[in-house]
Protein chains: 2
Amino acid sequence: MEGVDHLAHERNRSQFDVNDMKIVWAGSREAFEVSDRMSRLVANDPAFRKDNRVHLTRKELFKNTLRKAAYAWKKIIELKLSEEEAGRLRFFVDEPAYTDLHWGMFVPFLKGQGTEEQLQKWLPLAYKMQIIGCYAQTELGHGSNVQWLETTATFDPKTDEFWWPGGLGKVSTHAVVFARLITNGRDYGVHGFIVQIRSLDDHSVLPGITIGDIGVKFGNGAYNTMDNGVMHFDHIRIPRNQLLMRFSQVTREGKYVQSDVPRQLVYGTMVYVRKTIVIDASNALSRAVCIATRYSAVRRQFGSQDGVETQVINYKTQQSRLFPLLASAYAFRFVGEWLQWLYTDVTQRLAANDFSTLPEAHACTAGLKSITTAATADGIEECRKLCGGHGYLCSSGLPELFAVYVPACTYEGDNVVLLLQVARFLVKTVSQLVSGKKPVGTTAYMGRLQHLMESTCKVQKAEDWLNPSIVLEAFEVRSARMSVECAKRLSQFTNQEEGFHELSPSLVEAAVAHCQLIIVAKFIEKLQGDIPGNGVKDQLQKLCSIYALFTLHKHLGDFLSTSTITPKQASLADDQLRSLYAQVRPNAVALVDAFNYTDHYLGSILGRYDGNVYPNLYDEAWKDPMNDTAVPDGYHEYIKPLLKQQLRNSRL
Amino acid sequence: MEGVDHLAHERNRSQFDVNDMKIVWAGSREAFEVSDRMSRLVANDPAFRKDNRVHLTRKELFKNTLRKAAYAWKKIIELKLSEEEAGRLRFFVDEPAYTDLHWGMFVPFLKGQGTEEQLQKWLPLAYKMQIIGCYAQTELGHGSNVQWLETTATFDPKTDEFWWPGGLGKVSTHAVVFARLITNGRDYGVHGFIVQIRSLDDHSVLPGITIGDIGVKFGNGAYNTMDNGVMHFDHIRIPRNQLLMRFSQVTREGKYVQSDVPRQLVYGTMVYVRKTIVIDASNALSRAVCIATRYSAVRRQFGSQDGVETQVINYKTQQSRLFPLLASAYAFRFVGEWLQWLYTDVTQRLAANDFSTLPEAHACTAGLKSITTAATADGIEECRKLCGGHGYLCSSGLPELFAVYVPACTYEGDNVVLLLQVARFLVKTVSQLVSGKKPVGTTAYMGRLQHLMESTCKVQKAEDWLNPSIVLEAFEVRSARMSVECAKRLSQFTNQEEGFHELSPSLVEAAVAHCQLIIVAKFIEKLQGDIPGNGVKDQLQKLCSIYALFTLHKHLGDFLSTSTITPKQASLADDQLRSLYAQVRPNAVALVDAFNYTDHYLGSILGRYDGNVYPNLYDEAWKDPMNDTAVPDGYHEYIKPLLKQQLRNSRL
């Protein structure tokens, strides 16, 4: 960040204290300090360089990731980093690696499903990385008919390959494997087992097991740094005590015994993983928005005044696409923060055998996972388009960000499937209202159903749309009416499952409405608390309004068809939105500075902190190996004979 | 396509003649036959293999494309292919190459802008590929202030690099260069010049010129096969007669003289290029839809009945995302066909000095370029998601299709900028109505403005939405009312430009409404003609209704806020849409078979004609170079020391 700051004029005009906003974004001063320290540590160490990734072959790329993972682990040990610091360091290394699955899935799953005895045996090995684990649940084809005998696994090699597990293909020594537990001839359903898959001596694949990498994935780099794998078993024997037995055991005699540990604890893990995904969405979206915002302030096109063209960020069309994404990044941040609280709450309740909030917490995390990842994937690509042609260059950082992000829409529950789960919960909530069951948590508003069905929106002038309670009620009314409409139409079917199938597109829309309400509600809730810092809360209020009113505009059909608002009120919301864009405009660059991303982490010439884009874009081009020679390899064989009309005799 | 056809049951249940539909899709029997022949020629020639692209380094990839381009040219000469055949052959080679720019931009531009004398000199060279041309118009930064003197070009190397031209970086010998023409001290604006940039002897870059490749772009392959280039000039001298002088000349004495050839002819070229882009959109979207449809019929998930899981294509959520894209592919096809007619019409009128339809034709092609490319880019990614996790593998064909397609949203006019041009034209059309000017072509409906402002939608039951005139009028009413509303709000500004700037997000939406109307109208028009073949017209009518009703649902806010329809009518449209999905379902696979794509062209294991997906996915994975060894390169340096707790002494 040396040299002239080409964006200084933008930073000088902002109307809030960016350092205070950094604390808000990070969640706390402590979290900010850890992130700041770790991001600089990574950025300043040439071993973590990543700008050369696009020039590596897949094998080189993969080997380079192995090196970085080992180097990061060495640093973590040398510097005696805490678990939190180590997590942040890996985050800023910014490269999918087998360690993500080892730490993010294998270890948590062991902790959740192992008995005390099992934990004592396996956890120390995993913590020291004396074993490396992955998580084998998905299968190649359509079936889930894995057959599993107590100590013998028989797979049909044609259909029952495990397929996709990250870290499986080349690195992991152990896997948590999911399979049907069959003992004494009875099928007890899917259970998790620890299976050693590679030798700890020479890394060879153990007999009876076949493992490979599943091939090249989307993007120049992205997940190609990861060895997503395929595996099949042929009569593998594992010891009985490698069934993870916290919830159920198989005795020496082959008897299946359920423990008294409640199985609902498994849902706690799902809440944990999906909460993490929502926070990741705010990371990825904020990163794209940071790049697009800075470059929109640098780039000038058309509309010349005084001989200088207009900054692209001054165009309303640019603002109306960019600022809602900026607002969404903050909105997802705060809903992620709230999910963090929810997870703690759920965990405490589960420990006290209180399962009452679990279905609601599960539905809400599933839904939020779905809509934040979908919006983030689309948002990254929109940011890329907002950068014009240069967004198509890998040096913009955006193509790779997109390629590495999009699988989030599919993994840990396909986004549409998750929304259908939410819809099922909503319809159930509505149908139970008559029996007097009180809806809890994020569905509590359904308890005021009669009011919501009758209420009319009070907006009379544009500024009324800045009133949080008016906005909140509009989102509640829309969502409640959509759920009720779905429930009403469902009740006309004699077969409920058939009705659910037939109406599923509308059910998905009702679920989206409910989840958007949650995001709006949690943003408003955040703003009701104390937020220190000069001008900070004011900016966040504007972003909250932008998120809500943009969402309203985008889903206007819902709001109008449910008669939640009138066309006139919709038009006033648009007026207010334009006014908000103008108010955010001078703060836009500072609002993305608040993410505190290093140039290393951003990995984008367009998004450079100093805004010195063009000379660097130019210099970067010349470093490309294609420019090693002016006359390209292939000229003599394929260009010259063509120009000289001598193709006839060429071997091509 | 040997072996068992796993999709035979799907093909057998279809209700129309797929061979007749193939003719409709291709446009004519002749067009079908040429395409069919060329696609098989390419598919059956191992020289055009493309499944290995993802494993090549950029340099290898580029060299491989040089080889294919030379080989294709050799074939074209050997087989004495016609211009049409050669074009189709290059299309099915399916790899961006310098030849696209030579044939698609350099040659047409010469033809459009050169004098008879210039054509006699340059065209034979270009036709025989004795020179290779590119098209240098875009610049690196924000400025368009290229300074150009009659025979001396002085560029400021800091700001005035040409940047992006395809084929420039490594291959082209000549370029059409755009620069300001300055003679006798006066600036006559931007003109095109032919500039030789490389030696025809040894391909070295000529003195005073610097050329390079601009680096890696989005995707594993995609446009990385192309040498998009950067170029700057330092006091280059070119002969006076290399100014393209059809429209204006510079005499021996330096005098600037305009010819009597109308400059509007230039717009004819833009109509031509954008028409081609619309047809390309239908190619790209149909390809993605073909893959997603076939794989949705192969893949089974959940909902087990009789021990077999449900085909994914039977889920309403899948249908509600996939079938509108299928309908869009056909809709874009027919609007492209109509643009072909429009281009011919415009050309004939221009030849007769009739410029009356030009502004409308220009606005309509600009708008159609914008909305078809935007919908196609989004649609390809949606198809990828519809394939679940496997869509993320490059062997699905979808990641590369997306990466190679998305620049269409930016090149030849950024999509949002183009919509603003359309909006300007619409507002002008509305404002001229009072003065009695009769709107022409696709804006003719504005002539019935009073009727459209007063009319009410006649839908009373779901089937009414199958009535083409009711659908058409709904789209006309929505579009007209949105344009009028924009014009009304604009008139409240004292400064029109300021108003246009302020209201631009709404103007963009009005433009979208107008362009969607054109697509609906042209689909309906197509169906009014004679379409032979058993059941063919019936299927197309369903697709037309799906396109219209899905668009209505997606933009419901427009239709309701303009009071074009009522919420009740919207709900009836949704009912009709669901019924249409059920009717299209048994025909889905046959409807994508009608595109007549070879497995080579599709380049997708998921989209294989025979539906034999899983064994091939599995086999393909094992072919990956990562699987050459079970223990990966890097094990000894980076995995073993970690597992053995010996990182401390490792060099990483």
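Just so you know, glycine gets a Cβ as well, placed from its N, Cα and C.
Keep in mind the model is a prediction, meaning the values are calculated, not measured.
Feature annotation from TrEMBL assigns domain 'Acyl-coenzyme A oxidase N-terminal' to B:17-132.
When other Cβ atoms within 10 Å of the Cβ of B:GLY166 (FAD binding site) are tallied across all protein chains shown, the result is 25. Feature annotation from TrEMBL assigns FAD binding site to B:THR138, B:GLY166.
The annotation domain 'Acyl-CoA oxidase C-alpha1' is assigned in TrEMBL to B:267-427.
Listed in sequence order, the residues of the same chain lying 6 or more apart from B:GLU412 (active site, proton acceptor) and placing their CB within less than 8 Å of its CB are B:VAL273, B:ARG274, B:ILE277, B:LYS369. What TrEMBL records for B:GLU412 is active site, proton acceptor.
If you look up TrEMBL, you'll see B:468-644 marked as domain 'Acyl-CoA oxidase C-terminal'.
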Review point. Recorded positions B:THR138, B:GLY166, B:GLU412: which sit with Cβ under 8 Å of a chain A Cβ?
Key: B:THR138
Study note, to complete from the structure: Taking DSSP helix as H, G and I and strand as E and B, the domain 'Acyl-coenzyme A oxidase N-terminal' (B:17-132) has 90 helix, 0 strand, 26 coil
Study note, to complete from the structure: Across every protein chain in view, the count of C-beta atoms other than its own within 10 A of the C-beta of B:THR138 (FAD binding site) is 16
Revision key, fill the gap. The predicted model's mean pLDDT over the domain 'Acyl-CoA oxidase C-terminal' (B:468-644) is 97
